[in-house]
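Student: Annotation comment: TrEMBL describes 41-290 as domain 'G-protein coupled receptors family 1 profile'. The transmembrane segment annotation in TrEMBL covers 25-48, 60-82, 102-120, 140-158, 197-221, 242-261, 273-292.
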Amino acid sequence: MFQENWTSVTAFFFLGFSHYPKVEVIIFVLCLLMYLSTVLGNIILISITVLDSHLHTPMYFFLSNLSFLDIWYTSSALTPMLANFISGKNTISFSGCASQMYFSLAMGATECVLLSMMAYDRYVAICNPLRYPLIMNKKVCVQIAAGSWVTGCLAALVETVPVLQLSLCGNNIINHFTCEILAILKLACVDTSVVQLIMLAISVFLLPMPMLLICISYAFILSNILRISSVDGRSKAFSTCAAHLTVVILFYGTALSMYLKPSAVNSQEIDKFMALVYAGLTPMLNPIIYSLRNKEVKVAVKKLLIRNTFRNVFISTLKY
């Protein structure tokens, strides 16, 4: 059914950054470094939170979910682009394009919900510290994480299905480096107002509404932090929240500029570079931000390094 509606298009061709031949290789190298850094950094962060029992808390449970999500998010957007650059084909199959569009939307939507839930977790931890273990128990945390994933996947499905039903009239050249939904819409030769209305409704649900929840949470958090008499306690609270706020600003800033910009602003080239920011740069920076701003993560890393060093020395001694 979908294949028929896409008017027998079996493959798509990416223009990517072909308009910038002099910097195309530089962009490829930067994307490769971002992808490798994202995968390595987030795997390390997940490993630390799993191996160190002191990090078995709701905050690090959600952080592990975010890291896992970022790995898939970056992989769905950048891996095909990197593979196409190496092969020189710049093509993707119909099913591959549909899958890439869905998974990119699903991961992005899930991150929107998850970041707002992480803000709620910080609100409970700082504003209701005595009730925090009771409110954010293991069952609740699993339900919140599962709810975030289900919401993101369903929202992506609602957006993807109508797009796959549009007629493209043989247009198969995508002015992008990935099957980004806005770039696909430009290929349609029929009225897309209904699809755009659906996208607008979901974008409002996933962007301004979670942002409002985050702002309300941090308004209460800031009010409580300012009442903390202990300098160390205030510093720790600020440090923990600053890391999350930095990630929120990076992610929501680029997402809002992409999906809720005025219709008069229509620059495909700007969209490409914005896509690189939220699909490559932000996931790469997340583990760095949380590591640099978090003393508990630093201590856990040092413990693991010392433990591995002693283990290696012990094994070497036994061999001799």
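The backbone N, Cα and C atoms fix where each Cβ goes, glycine too.
Bear in mind that TrEMBL entries carry predicted annotations, made automatically and left uncurated.
Bear in mind that the values here come from a model prediction, so they are computed numbers and not experimental data.
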Student: Residues of the same chain, at least six outside the transmembrane segment (102-120), with any C-beta under 8 angstroms of its C-beta?
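Tutor: Contacts of the transmembrane segment (102-120) (Cβ under 8 Å, skipping residues fewer than 6 from its ends): 59, 62-63, 65-66, 69-70, 72-73, 76-77, 144-145, 147-149, 151-153, 155-157, 159-160, 178-181, 202, 206-207, 210-211, 213-214, 217-218, 244, 247-248, 251-252, 255, 278-279.
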Student: State the non-local partners of the transmembrane segment (273-292) in its own chain: residues 6+ outside its ends, Cβ under 8 Å from one of its Cβ atoms.
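Tutor: Residues 27, 31, 34-35, 37-38, 41-42, 44-45, 63, 66-67, 70-71, 73-74, 77-78, 104, 108, 176-178, 180, 243, 246-247, 250-251, 254-255, 257-258, 298, 301 contact the transmembrane segment (273-292) from elsewhere in the chain.
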Student: Would you mind listing the long-range same-chain contacts of the transmembrane segment (25-48), meaning Cβ under 8 Å and 6+ residues beyond its ends?
Tutor: 17, 55, 63-64, 67-68, 70-71, 74-75, 78-79, 81-82, 85, 276, 280-281, 283-284, 286-288, 290-291, 297, 300-301, 304
